[in-house]
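Just below is one structure, and these are the notes that go with it.
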Amino acid sequence: MTGPDTHAVKQFLLALQTNICAELEQLDGEASFKAESWQRAEGGGGTSRVLTQGKLFEQAGVNFSHVKGAAMPASATAHRPELAGRSFEAMGVSLVIHPNNPYIPTTHANVRFFIASKEGADPVWWFGGGFDLTPYYPFKEDVLSWHQTAADLCAPFGEEVYPKYKKWCDDYFFLPHRNETRGVGGLFFDDLNQAGFEQSFAFMRAVGEGFIQAYAPIVERRKALSFGEHERQFQLYRRGRYVEFNLVYDRGTLFGLQTGGRTESILMSMPPLVRWEYGFTPAAGSVEAELYEVYLKPQDWLQQA
């Protein structure tokens, strides 16, 4: 198995952050990202880039981090207890975009690389990541194009890759207490190292670069749609699910908090405005009801193309 080239991974991640920010600024057309670099006392640091109050994007955050620590946190060893006590090095790019327009979906993407080391033993390394889409007023055309882009980028790596990581995404971004998915899914992968470093790194690059190819056309299709206070209030209500998932279930959020990461960067994924409403149910036959009845249930979208 080829050894890991951490320098190459870091350079790719830094370039990816820059490229995605440039693409999002071009889409928005008005606002620009503000960058803030930070250091972590235990080792490492990162750069957070945040765009706020744009023409299209209420808030978009694209974060790069490269952190080191003497002992793996509980969130990283829960499903791999054999790694407990190892030192670690983690780097990645994570982003969340909260649009103004309820017809443009919220989205999240992440690509990351992890090494766990112990004296006298070979390092254990792996890649992870993915991207997912959270519409408020879904259009089937958008969901299909999103999944088609995901399937196309997976295809060179094997026909089993897209179905496997699509299902993993559906399973991961699920809120048990609501019995619904967070959105319409996408891709999610972790512990990727079986094919060796070069092939695993190539897949991570494909996912990172494929994200904006999947998201930008959806933004372009929906950015001119007009909306009113009713749609805005439903968007704010549904954003509550994002908060619930990230604070209760998300491994990345828990990892950041447990390793003493930069809180502002970790919670950058939170929407700037959100609301809860006791006992809310959408009106029967409404487009809001269709979200619950059709879209928040895992399904084979590409069969419907």
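From the backbone N, Cα and C atoms, a Cβ is placed for every residue, glycine too.
The structure displayed is predicted, hence computed values, not measured ones.
Going through Ser94, Ser269 against Swiss-Prot, the one listed in the substrate site together with Asn110, Val111, Arg112, Gly260, Gly261, Arg262 turns out to be Ser94. From the options 206-241, 242-277, the stretch Swiss-Prot describes as region 'Important for dimerization' is 242-277. The DSSP secondary structure for Gly260 (substrate binding site) is coil.
Summary: among the recorded positions (His108, Arg112, His177, Arg262), the fewest other C-beta atoms within 10 A of the C-beta are counted at His177. For His177 (site 'Important for dimerization'), the nearest neighbour among the listed binding-site residues (Ser94, Arg112, Gly261, Arg262), judged by C-alpha distance, is Ser94.
Relative to His108 (active site, proton donor), the binding-site residues with Cα atoms inside 10 Å are Ser94, the candidates having been Ser94, Gly260, Gly261, Arg262. Of all the binding-site residues listed (Ser94, Asn110), Asn110 has the fewest other CB atoms within 10 A of its CB.
Binding residues for substrate (Ser94, Asn110, Val111, Arg112, Gly260, Gly261, Arg262) extend across at most 20 Å, taking the greatest CA-CA distance.
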